[in-house]
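Taken verbatim from TrEMBL:
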{"type": "DOMAIN", "residues": "A:113-317", "note": "domain 'ABC transmembrane type-1'"}
{"type": "TRANSMEM", "residues": "A:40-58", "note": "transmembrane segment"}
{"type": "TRANSMEM", "residues": "A:115-140", "note": "transmembrane segment"}
{"type": "TRANSMEM", "residues": "A:152-172", "note": "transmembrane segment"}
{"type": "TRANSMEM", "residues": "A:184-203", "note": "transmembrane segment"}
{"type": "TRANSMEM", "residues": "A:238-263", "note": "transmembrane segment"}
{"type": "TRANSMEM", "residues": "A:297-317", "note": "transmembrane segment"}
Amino acid sequence: MATKPSVNPTPSQIADLTMMTVKPRSLWVDAWYRLIRNKAAVAGMIVIIFFLFVAIFANQLAPHNPLQTNAGKSFLPPAWMEVGPNGRPSDPAFFFGTDNLGRDVLSRTIYGARVSIVVGFLPTIVIVLVGSVVGLLAGYKGGQFDNILMRFTDVIYAFPDLLFFIIVMVTLRETFIGKLLNGLFLLFMALAIVNWVGFARVVRGQVLSLKEKEFIEAARCIGASDARIMFRHLLPNSLGPIIILSALTIPGMIITEAILGYLGLGLTPSTNPNDIFITSWGALMLDGQAAINAQPWLILPPAICVSLMVLAFTFLGDGLRDALDPRLQGTQ
Amino acid sequence: MTSTEVLLQVRDLVKHFPIMRGTLIQRQVGAVRAVDGVSFDVFHGETLGLVGESGCGKSTTGRAILQLYRPTSGSVIFEGVDLVGLKGEDLRKMRRRMQMIFQDPYASLNPRMTVGQIIGEPLIIHGIADRKEAQERAEELLRLVGLNPAYTNRYPHEFSGGQRQRVGVARALALQPAFIVCDEPISALDVSVQAQVVNLLEDLQAQMGLTYLFIAHDLSMVRHISNRIAVMYLGVVVELADRHELYNHPLHPYTQALLSAVPIPDPVIEARRQRIILKGDVPSPINPPSGCRFRTRCPLADTICAEQRPEFREVAPGHWVACHMV
Ligand SMILES: Nc1ncnc2c1ncn2[C@@H]1O[C@H](COP(=O)(O)OP(=O)(O)O)[C@@H](O)[C@H]1O
Ligand code: SF4
Ligand SMILES: [Mg+2]
């Protein structure tokens, strides 16, 4: 088809040239640049990557076997104290000291990172998938499905989360499911059940506002199927809130695991050196709180790690929110 | 250029949006009567202007014709096929023949897709082209609408309003439709680019033999692009005529009021122009006035106007009007 010389005079040609010299940028790339300009978010990312690294290479990084008891070396003080309250001198080989059985606190803390990372990520991945699909369907199709979903989420919201976890963990602990992965599997399930509805609701809300937009109407006009509209048009435009919510859900999961571990209801500490999940920060804090006055080095490393991790995800989540804020969409 | 061959026949088109109440058990408590019995023909190759105040049901009419809203009743016969009952694959096939250009160029393009993906998507959906061919077609279409073909890998937010609207036009043209509903395509644009987009639409119409339903909220905008003009008020068409006829001999009191608000370029006539100021506001489409919809604001209203709905009839060849006093 022949192009008629268009009405465009010089100003638009200038605009044209300006545009040609700028590299094309998707909104994702723009958001990424905004994110890495945010110092707190970058610090958060660094901390998270550090713990990720620690969790994956715990075997290599831990100076001792976290399960190995050392007779006569219980309650050793950390390296920077010369003598502990029980009169034993510190041993440079046990940097953070030892616990009541003479196990290395540093090594146990390093192994504890595994549980926190996995508890943070694994259930989140599951609930993002489930919550997004349900939210998409509820928001786009509406009707009875949507109605049932909303009533269901009301019920889950009304029930106190921690009480639910405690009930589940107490009642199902001794069953087959309760013993899978030292109790972590049951914890994942409980966390997922409580949290997926939040995602479904957020996605649903996003879809409800998006589906009135003209580009969805345009998609129907060109003959797009419902599946295509949901996954090619609605989902990519709902990803911002999904990503933000994920980053803000993960610390909640980590804290929940720590609280349950502290209550003795989380991971069952292992004595089998072949287990991947030997102990968790929550379980370490439970060990440490018994001797909190005399041997604070037991509770401080896991407590500080939990706090760092939660702060890191919160900073990252806030950074993501600023970077992906829908009000900034469409601006350059 | 225009013929008398009918491309599209709209008959007694009704679209009511139900108003639902209740949390668990929903029941209908009323309806927004957005379009309430609209009939007109659109001829091959013409531009039919559809004019009326904001909220009078123009967009709903356009969308109901395209089956983006399923009509409550009535028929939409396009190229001999009634679209109202059409579903699934049959409807999808008809979609290739009729497209839409949207009002808001900022909301009508998916912000997460490149311009090339947006323009090529219809071709992929209908299995006309694979990814690579769609990309090439997108480049051709960009050229056709006066944009640089190298823009296919750009995202909508990198463009100005006028450029985005051109992208919207390119997407509408991708399937080579016969009929396009232009829903206020220039209302959201800067005055300086409005003329460019209108010229583009006219050029494309001449090149490709397109038929337009051109929606606008004031008469000055549709004046030079339309062959015929239909005037809508509160869900009904009150007058329809050739544009010269409508401008020179408006018959319906509402059309007369609208025209009196259009400035005339001749200063002598402009000085003598008398504006008819309508009293009151447009009533709610949830509970429209009985009889003639316009009676609450009509300077000529009489008792019959409250009792009987005026028939939409042809008072002169091609000149239709719905008013008891004409
Ligand atoms: N999806 C919808 N649901 C309910 N009411 C609607 C919907 N779309 C439009 N309406 C109502 O229908 C009437 C006509 O709207 P519309 O066709 O958009 O008017 P126009 O395009 O002439 O400005 C308005 O009162 C509007 O509020
Ligand atoms: S029918 Fe009556 S109220 Fe309606 S426009 Fe005519 S004169 Fe006015
Ligand atoms: Mg409109």
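Cβ coordinates come from backbone N, Cα and C, glycine included.
Annotations in TrEMBL come from automatic prediction, not curation.
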Contact yes or no, the transmembrane segment (A:184-203) and the transmembrane segment (A:115-140), 3+ Cβ pairs under 8 Å, gap 6+: yes
The transmembrane segment (A:297-317) and the transmembrane segment (A:115-140) contact flag, 3+ Cβ pairs under 8 angstroms: yes
Residue numbers, six or more beyond the limits of the transmembrane segment (A:115-140), whose CB comes under 8 Å of its CB atoms: 51-52, 55, 146, 149-150, 184, 187-188, 191-192, 195-208, 211, 226, 229-231, 234-235, 238, 242, 246, 249-251, 253-254, 256-258, 267, 277, 279-281, 305-306, 309, 313
